[in-house]
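I have placed the structure first, in the form of structure tokens, so that the comments after it can refer back to it.
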Amino acid sequence: MTGTTAHGTPLTPMAAENGTSGLALPGSVPWRAEGLLAPFVAAGLLVAADVHVARRLAAVVAEADERVLLAVALAVRAVRGGSVCVRLDEVAALPVDEDIATEGAASGSAASGSAASGSAASGGAVPLPWPDLAGPDGWHAAVRRSRLVADGPEGPADRPVRWVDGRVYLDRYWRDELTVRTLTAGRVVAASPSASAHDGAAVEGAVLRLFPRADDERQRDAVRTAARLPLTVLTGGPGTGKTTTVARLVAALASTRTGGPLRVALAAPTGKAAARLQESVEAELRGLDPADRAAVGPVRATTLHRLLGPLPGTTTRFRHDAGRRLPHDLVVVDESSMVSLTLMARLLAAVRPGAHVVLVGDPDQLSSVEAGAVLADLVAALPAGVVRLERVHRFGTELAELAEAVRRGDADTAVALLRAGGASRELVEPAGPRPAAEDLGGLRADVLAAGRALTEAARTADAAGALTALARHRLLLAHRQGPAGVAWWAAVVEHWLAEAEPSWRGRAPCAWPPGTPLLVTENDPVAALSNGDTGVVLDDGSGGTVVAFGDPAAPVLVRPYRLPAVQPVHAMTVHRGQGSQFARVTVLLPPAASPLLTRELLYTAITRAREHVRVIGGEEAVRRAVEQPVRRASGLREPLPSSVGTAPRPG
């Protein structure tokens, strides 16, 4: 059975027995493409979804040039991988997914000749048929003249793909990027003194009062910048005092405002990060003078989605936008490295022109799971308004040394520090991909100690004790599936617990005994729970259970029947752990060939630990991680196109 697309390209049905999903066209059996795109799928550079989107878009305008479809499919792939766009002159260097390549070779790919025989599955290079770039009929020219593509910033607004300075975008991401570029460029221009809501002399007095130490100069600079500029980016590694600076910055601006009380919004990308922000700011404010505390008033941190007010049925449209601005005078966003391009565009569009924005975060951590590396791009691109804190106040020296070596990309030092060990760090090099418990250093002991503490507190309905125990140890991984994935190691942890803890033996797979740690996997405004929140199942003292969430000092109890989607969390991805801190962290690295093994992943995992980090993996994997930074393509670091005026309405 065969078929054709609207432009006549033949398709063949995917064999059902190969276990892959293929390219599914509505109302038909799964398909896969022949022709130019097929070897790219076979090599693992594209997946079926990339091709499917490209063909569906091409069908709308009967685009028959498969070079254009390849460019569109690569733009879809770019977003899937976290980039905002793709440069056609750089795509030949894109990494190949060897797992997908292996599947393609095993299933008898439609790719012809050398592309199939030279796939990554066979261990050789992948000779892909890249189109010629230059010339009047080259790849660039074909893409630019396509009716599917808007050529340049001033091109038609009704086309789904856009070409800008050699970069190919899905148009909605171009519009989001342009919104961020335009609004941030306008905000790093200093407001006129007459327009400022803060008395300059009073601000300087507050700065000196709140940051009296000689080595607080960077913190003082942050407050001065936030008072002067509509946009400030406050960066720094763990323990450099970012949250302390935020709390005192808010106090300084609140106590020196001349036009009425300062309306402050504190926000973060996840519920867990928002809770930590509120706890830290409240703790810092308690140590200030009563007058400063009174000027700030009560503080409440929330998620960015809740701040903007999501509209029903969508994750990218909000009640607050360019037509209905947020009422706040100061908007502070913590963990900004986790904010996607789309969400940043929505936030900046919703902030009123006279308000000030402070973006706080560590640009060396993992970026959002969605498209964009906004914080890192802004730190690199902004001509003013960026303040980096460098002096470490609370991060242990051994952990700080290791994190700094990873951040710098110094693999020799990182390996040497891990091998040297110490009270706060260790390297465990297992003999194989599925090592025995005794070959994993103290991992099993840490898991059982945390599990017993959770269970003991949960049986006595001690919510504070259970939530404290929840932050005692966390196992972090790069992958969700496979021998180095969350699913596998969560099962290993459950097996260890069942061996050591009677209450875990013989339970039904769906049962949650007291002491079970849970992870929320969807937002639920009614229950006031967010995707990423973690809690512990408690015995309620009457034969039932309740789940504790939040701050150990003020736990929130939720009945199981009121929970949104949740799952046990005996292990989690490093991305999931971002925004959280644990006393002890074990990071289990995947094989060195994993495309997820990056500098940002290892740095983020290490900096989740307050007291001790255990890295399980070979030297090759550690070196590969340190030496392989994430590269996300975008145009945020490029000059704003001269033809662009005001920011477009976000897509």
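Each residue, glycine too, has its Cβ placed from N, Cα and C.
TrEMBL: automatically predicted annotations, no manual curation.
For reference, TrEMBL has these:
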- G236, G237, P238, G239, T240, G241, K242, T243: ATP binding site (BINDING)
- 43-169: domain 'RecBCD enzyme subunit RecD N-terminal' (DOMAIN)
- 569-616: domain 'UvrD-like helicase C-terminal' (DOMAIN)
- 627-651: region 'Disordered' (REGION)
Three-class DSSP secondary structure - K242 (ATP binding site):
helix
Can you work out the mean pLDDT of the predicted model over the domain 'RecBCD enzyme subunit RecD N-terminal' (43-169)?
77
Over the span of the domain 'UvrD-like helicase C-terminal' (569-616), count residues by DSSP class, listing helix, strand and coil in order.
12 helix, 17 strand, 19 coil
DSSP on G237 (ATP binding site), three-state: which is it?
coil
Can you tell me how many other Cβ atoms are located within 10 Å of the Cβ belonging to K242 (ATP binding site)?
22
Counting other Cβ atoms within 10 Å of each Cβ, which of the binding-site residues T240, T243 scores lowest?
T243
Count, for each of the binding-site residues G236, G237, P238, G239, G241, the other C-beta atoms lying within 10 angstroms of its own C-beta, and report the residue with the smallest count.
G239
